[in-house]
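Student: First the structure, then my questions, so here it is.
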C-alpha cells in the first residue's frame with residue numbers, strides 16, 4: 001500500500017476543494033474557465049523546471065512510494081502535484097476573498113515586495129554553489145517583480161493572505177513527502193544543493209518555491225478572470 005502514498009497526498013490536497021467547488025456561496029466551479037488555463041501554463045513552467053532538476057540530480061523520487069508510472073522521467077504523481085496543489089491553493093484564495101471582503105493585507109503588499117526581492121536576490125547570489133537555493137530564489141524574485149510591474153498592489157494583499165494560510169497544509173503535505181512520517185522520504189533532496197535548513201522535514205527553500213507556484217497561479221488566474229469579465233461586459 002505504501003506505493004500509493006504520493007498519490008494519496010495528491011488526493012488529500014484536492015478532495016475537499018473539489019467537493020466544495022459547487023457550493024452555492026463561493027461558486028468556485030464557475031471560475032474554472034479562468035483557473036484551468038492558469039493551472040496549465042504554470043504547470044508547464046514548473047514541470048520543465050522539475051524535469052531539469054531531476055536530470056541533474058537536485059532531487060529524486062523514491063520508487064518505494066510511487067505507482068511506477070513515469071512521463072519524461074517524472075512520476076505521474078509529480079505531474080498531478082502541479083494541478084492538485086495549486087487547485088487547492090486557489091480555492092483557499094477564493095474562500096478568503098469570500099469570508100474577508102476587505103483586503104486586510106493590502107497595506108503590506110508593497111513593503112513585502114520591496115523587502116523580499118532584494119533579500120531573495122542577495123541570498124541567491126551568496127549561494128550560487130547551491131543550485132536549488134540560487135535558482136529558486138532568483139525565480140521567486142523575478143516572479144514578485146513581474147507581478148508587481150503588471151498588477152501593482154491590486155492582488156498582492158489577497159495573495160499574501162492566501163500564502164500565509166496555505167503554509168499550514170503546505171507544511172503537512174510537504175512534510176509527508178520529505179519523510180516526516182515515513183522511514184524514507186518520497187522526494188529525496190540533494191542537500192549539497194540547498195541550505196540544509198528544514199521546517200520539520202521540509203527544506204526552507206520550499207517555502208519560496210511554493211510562494212512562486214502560488215503567485216504565478218494567482219497572477220494568471222486573475223488575468224484570465226479579468227479578461228472574462230471584460231468580454232462579458234462587452235457582450236451586453
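Cβ coordinates are placed from backbone N, Cα and C, and glycine is handled just like the others.
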Student: Using TrEMBL as the reference, determine which range in 189-206, 207-224 is annotated transmembrane segment.
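Tutor: The range carrying the transmembrane segment annotation in TrEMBL is 207-224.
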Student: For the transmembrane segment (34-59) and the transmembrane segment (207-224), decide whether they are in contact, meaning at least 3 CB pairs lie under 8 A, counting pairs 6 or more apart in sequence.
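Tutor: Contact between the transmembrane segment (34-59) and the transmembrane segment (207-224): present.
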Student: Compare 6-22, 79-100, 112-128, 134-151, 160-181 by their Cβ pairs under 8 Å to the transmembrane segment (207-224) and return the stretch that comes out on top.
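Tutor: The listed stretch sharing the most Cβ pairs with the transmembrane segment (207-224) is 134-151.
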Student: Who are the long-range neighbours of the transmembrane segment (160-181) in its own chain, taking Cβ under 8 Å and residues 6 or more past its ends?
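Tutor: Distal contacts: 5-6, 9, 12-13, 85, 88-89, 92-93, 96, 100, 104-105, 108-109, 112, 187, 189, 198-203, 206-207, 210-211, 214-215, 218.
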Student: Report, as numbers and ranges, every residue of the chain located at least six residues beyond the transmembrane segment (112-128) whose Cβ falls under 8 Å of a Cβ in that stretch; write 'none' if there are none.
Tutor: 134-138, 140-141, 144-145, 147-148, 156, 160, 195, 208
